[in-house]
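*Asks:* Swiss-Prot lists these features:
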ACT_SITE  125  active site, nucleophile
ACT_SITE  180  active site
ACT_SITE  193  active site, proton donor/acceptor
DISULFID  36-114  disulfide bond
DISULFID  62-75  disulfide bond
DISULFID  176-183  disulfide bond
SIGNAL    1-16  signal peptide
SITE      47  site 'Transition state stabilizer'
SITE      126  site 'Transition state stabilizer'
């Protein structure tokens, strides 16, 4: 698929909508800038979404986790090296090496700065590729510290056999809407790819149930 066609197909991420905007008090930089919390949520947003957490599923899950855990959750988005550009979707890993390494570094920072925190994570669209790339690179000890991962509109779903490589399948929940071809190895973006904020509540409950 040439880049011009890819850009046209993915332009829906920038123009379709409106995506429901969820208000959050989180800066999306709470691991880096704040104190350790009992739970740390690391999230990679979709292409073209603004802010470290994006404007849809990321803030929604962050809010739900904070509500469920008495606000004792640090929400951290992947960025600024992860720029969530459209072009990065066409790379072999579905995102940039810089994004994957940045996410890996955030997991490592959570484990080293806050050794007692329980880590949960998520990604939406290109952000799922960030998680698919970063988590397998982590040490076994950090993988054990990750309690659960939720992926919305998983761009690596087919390529990685409906799982994150080298990570327990029972710790992962993948949301693929009916008609979302992105989950089947395509870069064609259609309306179902923008429906995942409706799954945020279920995803948050999945993560909460994985916590001690």
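Heads up, the Cβ atoms here are built off N, Cα and C, so glycines get one too.
The model shown is predicted, which means the values in this text are computed figures rather than measured ones.
Have a look at these and tell me how they're positioned relative to everything else.
*Replies:* Taking all protein chains in view, 33 other C-beta atoms sit within 10 angstroms of the C-beta of residue 125 (active site, nucleophile).
In the three-state DSSP reading, residue 180 (active site) counts as coil. Residue 180 (active site): 25 other CB atoms within 10 A of its CB, across all protein chains.
In the three-state DSSP assignment, the secondary structure recorded for residue 193 (active site, proton donor/acceptor) is helix.
Neighbours of residue 36 (disulfide bond), defined as other CB atoms within 10 A of its CB across all chains, total 15. Residue 36 (disulfide bond) falls within neither a helix nor a strand when secondary structure is assigned with DSSP, and so counts as coil.
Take the CB of residue 62 (disulfide bond) and look out to 10 A: across all protein chains shown you find 27 other CB atoms.
Residue 47 (site 'Transition state stabilizer') carries neither a helix nor a strand DSSP state and counts as coil.
Residue 126 (site 'Transition state stabilizer') is surrounded by 30 other CB atoms, counting those within 10 A of its CB over all protein chains shown.
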*Asks:* I'm trying to understand the geometry here, so how far is the Cα atom of residue 125 (active site, nucleophile) from the Cα atom of residue 176 (disulfide bond), in Å to the nearest whole number?
*Replies:* 10
*Asks:* Within 10 Å of the Cβ of residue 47 (site 'Transition state stabilizer'), how many other Cβ atoms are there?
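*Replies:* Cβ-Cβ neighbours of residue 47 (site 'Transition state stabilizer') within 10 Å number 24.
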*Asks:* Comparing the disulfide-bonded residues 75, 114, 176, 183, which residue's C-beta has the most other C-beta atoms within 10 angstroms in this structure?
*Replies:* 75
*Asks:* Measuring Cα to Cα, how many Å separate residue 114 (disulfide bond) from residue 75 (disulfide bond)?
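*Replies:* That separation, Cα to Cα, works out to 13 Å.
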*Asks:* What's the CA to CA span in angstrom from residue 62 (disulfide bond) over to residue 36 (disulfide bond)?
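*Replies:* For residue 62 (disulfide bond) versus residue 36 (disulfide bond), the Cα atoms are 16 Å apart.
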